[in-house]
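Per Swiss-Prot, the features are as follows:
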TOPO_DOM  1-5  topological domain 'Periplasmic'
TRANSMEM  6-26  transmembrane segment
TOPO_DOM  27-30  topological domain 'Cytoplasmic'
TRANSMEM  31-51  transmembrane segment
TOPO_DOM  52-60  topological domain 'Periplasmic'
TRANSMEM  61-81  transmembrane segment
TRANSMEM  85-105  transmembrane segment
């Protein structure tokens, strides 16, 4: 379970970094060269999703819970935005959903 969660966390970071670098280029006028590491990060994100031993749709569904929590961590650390009570309440709910799906994929 820990290995799966850590893999999901690294996967989420790759997705967020790739999207963030693209966002910097579009919204903040960053150099077009930022698209190269963005593309590499997004390619790594896709590859990491293939490392799970479950059907792709199930992996994507479970990954969503960890993505939500990672995005909230990014919001706080990188964007410098304080988390709200709704963020703090929603994150554990998302993780519970991920946990239910991951535990279940070993039993089907």
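Placement of Cβ uses the backbone N, Cα and C atoms for every residue, glycine included.
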(request) Please indicate, using numbers and ranges, the residues of the same chain that are 6 or more beyond the transmembrane segment (85-105) and have a C-beta under 8 Å from a C-beta there. (result) 1, 4-5, 8, 54-55, 58, 61-66, 68-69, 72, 75
(message) Are there residues at least six beyond either end of the topological domain 'Periplasmic' (1-5) with Cβ under 8 Å to its Cβ atoms? List them, or say none.
(response) 52, 62, 66, 98-99, 102-103
(request) For the topological domain 'Periplasmic' (52-60), jot down how many residues DSSP puts in helix, in strand and in coil. (result) 5 helix, 0 strand, 4 coil
(request) Residue list, the topological domain 'Periplasmic' (52-60) vs rest of chain: Cβ under 8 Å, 6 or more residues beyond ends. (result) 4, 7, 101, 105
(request) Averaged across the topological domain 'Periplasmic' (52-60), what pLDDT does the model get? Just tell me the whole number, please. (result) 85
